[in-house]
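Enquirer: Structure in structure tokens, see below.
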Amino acid sequence: MAMSSMQSNWPFFKQQMSLALGNSSVVVKFAVVAVIVGYCLSFSEDALHILTVTPGNVLPPNFWVWTYFTHCFVELHFWMLVCDLGVIVLYGKLLEPLWGALEMLIFFLVVNIIVAVISAFTYMMVYLISQDTDFLFETHIHGLSGYLAGFSVATKQVMPDHVLVNSPFGKLRNKHIPLWLLVTALFARLLGAVDGPFPIMFGWGLIVSWIYLRFYQKHSNGNRGDMADSFTFASFFPDQFQPFISIVCNVIFAVFVHLKICKKPQRKYDVSAPTTITVSLPGTDPADAERRRQLALKALNERLSKVDQAANWPNMEDLDATPPTTPETQSVSSEAPLDAKEVLGSESNNDDEEES
């Protein structure tokens with residue numbers, strides 16, 4: 001049934017994908033092709049068993065570590081395939097111009113591999129508690145749900161206040177999306193709309209992608225991470241819960257700094273200017289802020305150039321009121337000005353001559 005549905009929708013699907021991938025990089029195109037191929041292979045039980053992460057098979061003696069690299073390309077449902085392809089295309093349109101193809105590939109590998117490892121470990125812990133072997137050998141970790149969570153985190157970082165929906169209940173912004181998607185994934189699992197690993201992978205995807213973008217992503221200026229106040233972990237939650245979550249996160253961060261897992265952010269002071277001191281934190285200049293600064297500088301330069309032109313060129317009304325300069329007036333004006341005493345003295349001499 002799924003194959004017949006895909007065959008009937010394939011012409012329209014192919015047309016839309018060709019339009020979306022027109023200017024995309026090789027990384028985006030490869031990911032799209034790999035996900036489509038993985039969906040086709042998912043109809044084979046043997047391929048599904050070999051390509052997806054099975055918690056019991058990644059342990060010795062099997063040690064199927066390659067599944068950490070292949071699981072993300074396998075989807076079991078057509079609607080999840082469409083969601084995965086849409087997320088990959090949006091990565092290419094929104095984030096790849098800011099990050100570059102290489103950084104997007106690194107983010108893809110880091111999020112998917114670490115999410116698969118932690119999700120497998122989570123099922124191992126559930127097995128130790130429940131002693132149910134189905135959690136080890138009947139669970140197949142697959143898909144891009146962790147990468148989908150990473151996309152919601154990345155868009156929150158780049159455009160946190162961008163309004164998606166303006167409703168009577170309030171404005172839905174990018175910063176609200178990660179938590180809303182997590183709640184939706186949990187409800188979808190309760191209703192049986194998604195497989196068991198989906199909400200687990202999505203939850204770990206939020207945490208892993210935030211940690212990478214917050215502390216480890218390398219920027220073009222040499223800094224790592226994004227220590228902006230708008231990108232704290234507490235900012236993912238409603239305002240009422242943020243103070244309590246901030247306290248817990250600060251304690252955990254202090255422990256990680258003490259264990260040398262994370263580095264304490266260092267303030268940089270720029271005293272090159274004699275009248276101003278600039279204080280900056282590593283990673284506090286994301287790409288959107290840099291674009292706004294460039295636009296502001298451009299507008300300022302245009303205004304300054306207009307002021308310079310107005311100061312250099314005379315007013316047209318002054319040009320019209322000024323009489324034309326002739327050789328006689330030029331010769332007169334070029335002579336040195338007479339002193340007032342000399343003028344009065346010459347007039348008195350002329351009067352004496354007339355009287356005589």
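Placement of Cβ uses the backbone N, Cα and C atoms for every residue, glycine included.
All TrEMBL annotations are machine predictions without curation.
Pulled the feature table from TrEMBL, pasting it below:
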type     : residues : note
TRANSMEM : 21-44    : transmembrane segment
TRANSMEM : 64-92    : transmembrane segment
TRANSMEM : 104-129  : transmembrane segment
TRANSMEM : 179-212  : transmembrane segment
TRANSMEM : 241-259  : transmembrane segment
REGION   : 311-356  : region 'Disordered'
Enquirer: How about long-range neighbours of the transmembrane segment (179-212): same chain, 6 or more residues beyond its ends, C-beta under 8 Å?
Expert: 76, 80, 107, 110-111, 114-116, 118-119, 122-123, 139-143, 145-150, 152-154, 172, 233, 236-237
Enquirer: For the transmembrane segment (241-259), what are the same-chain contacts with Cβ under 8 Å, counting residues 6+ beyond its ends?
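Expert: Contacts of the transmembrane segment (241-259) (Cβ under 8 Å, skipping residues fewer than 6 from its ends): 232-235.
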